[in-house]
Amino acid sequence: MGHSPSRHNACGGGGGDGESPPSPLPSRFERFRRRLRLRHRDRAGRPGGDAHASESGTGRAIAVDEFAGIARIRIVKEKKVVVETNGPHIARISVFETNRFSKNTLVGYCEVDLFELLTKDLDEHSEVLSLLDPSSSATIVGSISISCYIEDPVETEQSFARRVLAIVDYNEDGELSLSEFSDLMKAFGNKLAVAKIEELFRQADKNGDGIVDMDELAALLANQQEKEPLISNCPVCGEILGKHDKINDMIHMTLCFDEGTGNQIMTGGFLTDKQASYGWMFKLSEWAHFSSYDVGLHSGSTASHILVFDRRTKRLVEEVIDGKIVLSMRALYQSKVGLTLIDTGVKDLLKNLSEKQGKKMSSPESAKDIPKFLELFKDQINLDEVKDPLESFKTFNEFFVRQLKPGARPIACYEQDTIATCAADSRLMTFSSVDESTRLWIKGRKFSIEGLLGKDVHSDALCNGSLVIFRLAPQDYHRFHVPVSGTLEKFVEIPGCLYTVNPIAVNSKYCNVFTENKRVVSIISTSEFGKVAFVAIGATMVGSIEFLKEEGDYVHKGDEFGYFAFGGSTVICVFEKDAIEFDADLLANSARSLETLVSVGMRLGVSTRNRDLQPQELEKCSLE
């Protein structure tokens, strides 16, 4: 049902005795369109008309006779994704809202397992997925329809040939002349191919018309690569090809062609929500050379954002820092001038500021800041996990040290004490030795295990051991848990400063964050790992470090151990030399100076001393 558009009489206007029949009344739809045209004309001729119309339009409810219907918009967007057998297969689709006040605000998202989706027959119908509220995964804000299929290798080759052809298609006619073909062969870096360019051109030109089109080039590349590879080097980055098969070479070059253009047809690495919304592409796959994009170490000290790898979703996540804060932290922590300021009183200033802020966040007035905080991190705090209702928190600090519902953080291999687990919701770095940590991450000139643990907790086994760093951000769950089962031997409180634990400071050679900050060192004596040092380190704005266990207590891995009051903070666990084998994915990310986003209870590593589990059993209890 609906209103049919009115039909006007098409007769010419001539004299006549009879009156012309009256025109039918315009439909509601036509009246609505007419008003839109008039408004558009008025706005076009009136300065500031848009603002006026917007203001008046939102100031009143719509009248019944003005309602024409609800526009249903269908957006079709195709994205090609490289799927590896043992690689990432969870795709995240994010919906952003953009207006004059807020740019690219995440309003909904969904996640889909591509492996699961590809096993379904979606040729005749699409899969409808629910869009979830970023602040509460239990709330549905909309739906999205997607379809997915495996691209035929021939289609992949043709698509690749089209991209390659565009490099030297100077007149943009979709075809290659002999001179353009010659330039393409030279770009491929194959000396043998250059010597017989004309022969290859004739071989490609199947119909003998003196030009090579896209289909002919695709056929040449496909056939010749099997016999005598034409492409020795990537024409974009110069990397040597042929290490794998031709499909991997094609994927590598396609990613190179796409990078930075904002016109990506294929994704082989990982995008953050922010990067995807801006159309950025960063190469972080096995087909790309990692040196082309610096993560962690360099970007952490020079950029206004930090990239971390989400272990659960296998995605990069962008941790954005306010630009003004970045500038101030660089000035303070990454310059000799800043070092001078630190030595002349900034240490005391930061400490006093943190103490005052801690008191403020424990006052009843601070409760009003909770909604603002949730709005700021609405896509990173899941309120469904919080144990107590939001209205029960009487101060900001009560909310900040909130407890989670039972089962919100399952513990990997709970009955197996040979498996260590993550101690905090955090960004994690693992290192097999102190030398590795200082080479890849910690740039303070005076960092050492002895300095970290203090003179009262000295052990040669620990000093030569391995370490893991858990960095907590303000939006994280701020209670820390026991990573291994054992007996608590001692607690040693070490006074100190309250520098930030942000990578901008950690990566600085001018200050020694971990060995100068206020911290509490506890020793856990275990049968599986020997002695493990658990170091809770305060940071800027951290009012206090509270422990819930005492000396002599036996603790089981996953037990709640303590919490940090308001601010960012860090936990460092030091294991004896060769006592633990960290999980391979954590070590691989750390080797690239890339932090891994983990949750309490995720697997950290396995004891090298008492291996009660077989490798296949270890896989079963892996919690990621």
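Every residue gets a Cβ built from N, Cα and C, even glycine.
Given the structure is predicted, the values throughout are model-derived calculations rather than measurements.
The Ca(2+) 2 site recorded in Swiss-Prot comprises Asp205, Asn207, Asp209 together with one of Glu199, Glu216, namely Glu216. It is Asn207, among the recorded positions Asn207, Ser569, whose Cβ has the fewest other Cβ atoms within 10 Å in the structure shown. Just so you know, the Cβ of Asp209 (Ca(2+) 2 binding site) picks up 10 other Cβ atoms within 10 Å once every protein chain is counted. Taking Cβ-Cβ distances under 8 Å and a sequence gap of 6 or more within the same chain, the neighbours of Glu216 (Ca(2+) 2 binding site) are Ala204, Asp205, Lys206, Asn207. In the three-state DSSP classification, Ser569 (active site, schiff-base intermediate with substrate) falls within a strand. Within 8 Å of the Cβ centroid of the Ca(2+) 2 site, not counting the listed residues Asp205, Asn207, Asp209, Glu216, the chain contributes Ala204, Lys206, Gly208, Gly210, Ile211, Val212, Asp213.
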